[in-house]
């Protein structure tokens, strides 16, 4: 079983280049990155500030377009899609957890969870959603508004929403950036559990070695390039690897 | 530069777009106001100038001293003077020339057979005054009339009727007279005195057709000899005049004429326009207030930072107010320029639609510039005051709060205050309308009702949008649901945005309901009291038209198809010192074609000393059949009449009825206003109508109408008025639309991150656009519903108050179709207002939206 999941990639980028601006002020945020995100695994993208990790995630998730190279979700090449198809792809095949402001304030917790499904006009799988609600532990908050929840609870709702439509990949952008370590730990544990128990692919951008340690594998980015990969990470190992970046070589 | 000013200047620069809506709202209101004032001044000056020019040769006017004015008329009726008084006057030392001026109504028929004019401005006829300086009209082409049947007409009238020198046509005086045009004249250098038509005939013809008795004239125009001033002339004339005749200076006479035109036409016209600029500005107030409130709310973080850094409350408040002042002054100044542009445009437009706007420069007075400027600035600053104070109150630590759902509008105190106000409004109104009819009380109630609506707005908006948006969620799924939630986010803001539209729609509905009620009233009047089969009436309202020949009724009576034809003429007399309109007719025939309700006594044999009056007047003067009452006529004579009959319904027949023979000694130009005809048994309406039309053809071809047509034609004027009202109110609705669009744009700016999130998790652009548009429609639906309710209520109050205040019964009618159209216009307006903000929202870049701090 392990071999089959490893053989499939849920998302990948090939020779990804992203340039912001032009002329003298041009910044190469991504400088020829190629990386696969295997299906059914929890991958963390690490790197110092300005390493291009967020840009990589945005491009891989179809939120941003590459200057050159290609990004794939499953067998679909994102560069060929127009705005509408990209939107539909995000809606039907991808889940998102952002650092903050994940929820629509006018909708209740339950409505926020099913938002992508509602936008698609689908009913989704009630048993699946029911199970998700139990996993994130928010059954007693379903009819609350986001403003009535703590930051950690809000992020847990966002995680539930990301998984509600059974997406192929869930992208998380610094999901614990605004949380204290206890709530952060809860959210990360949740992401990992959701990935493993539901066999979903999760890609998380973070700069926090403790967060990265929850992943199955860590890819390291620096100056827009892929510099290393690490399986079975621990916080200490990741920290050591990160320290290496700061030493001028 | 001080800190507050610098802050507001940079804020204005940074947020040009936010203030565009406020700018436009102030601009439109001020431009409309200034344009109205400038146009009013210009018109007044032009008329002054024109009358001054036209009558500069007349130094004194001799006329009857007393005038009888009936309610609803600005110009009294005067008894004529003897025409040969001119000879006496001419003997007075210092008089160079004196000529009688005979004036009456005369309507020319154009080349196509239709009468010229008669829809408002007077259609005048008179003797062509041979002394060039005394004549207000100047011969421009051709010659003066010399033989009977020859006339001079003013150039404007000739052009409208496609007539030229040598043409023969009909002049209705109201008896049709064959006339040949021999000359064209101008008035004060213009083609005519506005839309007034003028026909000048020989003195003999004028005496024959325009006066009741030969040898009478309306006035005697006098020219002074060299070195005699107007006042000296009047002083010398006065001793030479008989009892009851007075002399006034030419200047006074010109002023009276100008005042009359101003009073009848200009002040009505300008008041009308001023009311609408008032409505436009009121609507603008809502929009402006809303813009500032939102801007301040959005800047909470910025203001908090300023306060944390040590800015005082006053500095923060001042910076907002300075910003408002800058917008107010620029928009108002631009509005002044726009107003002058509007006036200039109208000056150019009026002649194009056949209304000869007198030429001349625009009169731009200090008042007509200062007033709109002041109003614009005050409205703008007043609207910004509350938000500015709120800005100053920002707590330094109120920084990192997420603007999410604000339900502060729906407080209990507000609900209680609003309901109290509403109850008070309804109570006062009902009292003013039903219990003890009092128009002021009703008016106060109406104002309170408006206030209650404004206070209750935020409370009502939540409930109303839940209800209105209910079907939306089901029909449009999550897009509709989100739109509904967004509209519910800030009840205060939603209410203020909708408030602007609400007022616009309320005024439109008010006029719609009132207009429909007027029509229903006329319909009811005709169907209740007109028992005849057809009516012949001169198509006119206001002072225009020449009425119908009194001989028409006789001619129609002679037709075999006709049972009864009765002509109704109009006379005036004073009863108990107050001017009253008299109906001059054959009372016995009147009873057969009109339903007069219950009659006590008899309408037969009123003779020359009998009078019939309505129950209402009889009660007022404590009269009953057999009692005597005294009437004073314009000739100063007083006659005692015996009340022979008291009848119930006055509507078409009038309050006082006397016979033709009783009126004959006091009459001026003889004309009927209406001939009512009932057919003999077995005559179909079509056959009867054709016969009457044939007979009427000899009398200048007046219109013959069946009962229904007659009722409808009376309503035609109301439709015309309503069209004008709607055109003007379109401006208010436009401002309201700008307000909605502005609020939405600002709201979208506020929700950038949320919109980005929605897009990221899969909302398509078209879903996003639909969401914004539906929100706009919902807000508009709330405003429209409120406006319809308020407008219908105020319409009801107006109708009931008029009913209580006037003599005749007023019917109340709700026109469902028109109100439905108003509702649809409101909703469409909402959808249109949402278009641009929706487009802008959809263009939003997803990544940037998520990253927005």
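Positions of Cβ are set from backbone N, Cα and C atoms, glycine also.
Curation does not apply to TrEMBL; its annotations are automatic.
Feature annotations, courtesy of TrEMBL:
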type     : residues  : note
DOMAIN   : B:21-239  : domain 'MacB-like periplasmic core'
TRANSMEM : B:272-297 : transmembrane segment
DOMAIN   : B:275-395 : domain 'ABC3 transporter permease C-terminal'
TRANSMEM : B:318-350 : transmembrane segment
TRANSMEM : B:362-386 : transmembrane segment
TRANSMEM : B:415-434 : transmembrane segment
TRANSMEM : B:440-468 : transmembrane segment
DOMAIN   : B:494-694 : domain 'MacB-like periplasmic core'
TRANSMEM : B:494-518 : transmembrane segment
TRANSMEM : B:724-748 : transmembrane segment
DOMAIN   : B:727-845 : domain 'ABC3 transporter permease C-terminal'
TRANSMEM : B:777-797 : transmembrane segment
TRANSMEM : B:817-835 : transmembrane segment
Determine which recorded stretch among B:318-350, B:440-468, B:724-748, B:777-797, B:817-835 has the most C-beta pairs below 8 angstroms with the transmembrane segment (B:494-518). B:777-797
Please check if the transmembrane segment (B:362-386) comes into contact with the transmembrane segment (B:415-434), where contact means 3 or more CB pairs closer than 8 Å and the residues in each pair are separated by 6 or more positions. no
Residue distribution over DSSP helix, strand and coil in the domain 'ABC3 transporter permease C-terminal' (B:727-845): 102 helix, 0 strand, 17 coil
Relative to the transmembrane segment (B:817-835), which of B:440-468, B:724-748, B:777-797 accounts for the most Cβ pairs at distances under 8 Å? B:777-797
Is the transmembrane segment (B:318-350) in contact with the transmembrane segment (B:415-434), using at least 3 Cβ pairs under 8 Å (sequence separation of 6 or more) as the test? no
Spatial neighbours of the transmembrane segment (B:318-350) far in sequence, C-beta under 8 Å, 6+ residues away: 3-5, 7-9, 11-12, 19, 22-39, 42, 292, 296, 356-357, 362, 364, 369, 372-373, 376-377, 379-381, 383-385, 387-388, 391-392
Spatial neighbours of the transmembrane segment (B:440-468) far in sequence, C-beta under 8 Å, 6+ residues away: 407, 409-410, 414-415, 417-419, 421-422, 424-433, 484, 487-488, 491-492, 494-496, 498-499, 502-503, 506, 778-779, 781-782, 785-786, 790, 793-794, 797-798, 800-801
For the domain 'ABC3 transporter permease C-terminal' (B:275-395), DSSP counts of helix, strand and coil? 100 helix, 0 strand, 21 coil
Averaged over the domain 'MacB-like periplasmic core' (B:494-694), the pLDDT of the predicted model comes to 80
